[in-house]
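Below is one structure; the comments refer to it alone.
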Amino acid sequence: MAINQKPRPKDAALKRFKLVVFVTLLGLLLFMILTETNLSWNFAAWSSDDIDEDPYLGFGDSNVELRLPKQSQLSIRLEKRNRLPPRNLDLYPKLANNHIAIVLYVHNRPQYLRVVVDSLAKVIGISETLLIVSHDGYFEEMDKLVQSIRFCQVKQIFAPYSPHLFPNSFPGVSPADCKGKDDPKAVHCRGNPDQYGNHRLPKIVSLKHHWWWMMNTVWDGLKETQGMSGHILFIEEDHFILPNAYRNLQLLVTLKPKKCPECYSVNLAPSDVKSRGEGSNFLIAERMGNIGYAFNRTVWRKIYKQAKEFCFFDEYNWDITMWATVYPSFGKPVYSLRGPWASAVHFGKCGLHQGHGDNDICIDNGVLNIDVKDIDKVANINSEWRVDIFRDQPGYGAGFRGWGGWGDERDRQLCLNFARMYHSMSNGPNISHS
């Protein structure tokens, strides 16, 4: 006959103690595993497109009401065009697997754009991908040139708040705006001067506004690219693209996680815009350049988290703003991987959106002379090459104060609203800053 015995108090206490110790050790072991995994993921983040973090954690408030300038009819029409599907779907119904989208951002230099379009037409593999053309404002000749493209899928987007679309109100020129070095109190005008005492010039601030609007729209606002976690290539209307550019781009993107896991991007040209490369037998990791640069969504999220720094730095150039404020915030050098021969060439002779008059062509007196050699017509990157790191290169960096041109509070707030426009729960009423 079985006899039921109650456990002795000492035995029960010992069992509870053992259970507590076991659970504690198990928890400690789990914590160590998770910590090690997290450290490993952080190290490998740049060699993978897998993203688990919240991209917008710590910036802004999704409940903040957007306050954007009151749109004109042209602005509204252009914004509607942004939602149209890409053209040439009848010619290229499907994009290649793992294609790398190309974004070409333009203003009003049709002579330049013709050169770029002609060069892109000769790029090997261009028909496999999507070309997105981002317009700063609307200019009919530029629009027609882009509509004439037949060598790949093409999507046009227009910055609906470009200063060039607002001739009599902010972000264009408002009648009550301060000019030059006006004293707002003495002249009774509107505006905040930059650190050098100068008031805003719409044609100057449009450079930074367009780039920031474009980045937010391409990464977070377009149906065609919202699902992309991989690299996107960005080029400008004064970048001549060599025939091997796309194939070299694909190789660099593939090699980056293996050859240079600490690299944030890839470049099609040296950071020195006057250089065509070393012509050597090794890859180069150097400071990120602004000609033919490509990065993935992981890097975009790091850039996006510095939106306030980007928008409040008194510098009208987007690239100098990035070098002086955003990249230093990453905590380590921002290297970009490239080959020893350039696959993109800067040919512009005029800056600040000049050179668009018939008698003011700024391409070497109207003639473009870029020597395309046989080596530029085929992929010229070897996966067996080593990587040389160029350290401590000259250029803008942390501590640079900026050239100014970006002191008006209205520009800074509009910039912040571009960062919020695809993440805000409430798109508030448009307001006039005239």
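Keep in mind that glycine also has a Cβ here, set from the backbone N, Cα and C atoms.
Sequence annotations record features per position, and here TrEMBL assigns substrate binding site to Asp136. When other Cβ atoms within 10 Å of the Cβ of Asp136 (substrate binding site) are tallied across all protein chains shown, the result is 25.
For Asp238 (Mn(2+) binding site), applying a Cβ distance below 8 Å and a minimum sequence separation of six or more within one chain yields Arg109, Tyr112, Val116, His346, Phe347, Gly348. Annotation comment: TrEMBL describes Asp238, His346 as Mn(2+) binding site.
Look at TrEMBL and you will find Cys178-Cys189 (among others) tagged as disulfide bond. Long-range Cβ proximity for Cys189 (disulfide bond), meaning a same-chain Cβ under 8 A and a gap of 6 or more residues, is found for Ala176, Asp177, Cys178, Lys179, Asp182.
Cys263 (disulfide bond) has a Cβ environment of 28 other Cβ atoms inside 10 Å. Among the features that TrEMBL reports, disulfide bond is placed at Cys260-Cys263 (among others).
Annotation comment: TrEMBL describes Cys311-Cys415 (among others) as disulfide bond. Around the Cβ of Cys311 (disulfide bond), the same chain contributes Trp212, Arg412, Cys415, Leu416, Ala419, each under 8 angstroms and 6 or more positions distant in sequence.
Of all the Cβ atoms in the protein chains shown, 22 others lie within 10 Å of the Cβ of Cys415 (disulfide bond). For Cys178 (disulfide bond), the Cβ neighbour count at a 10 Å cut-off comes to 20, with all displayed protein chains included.
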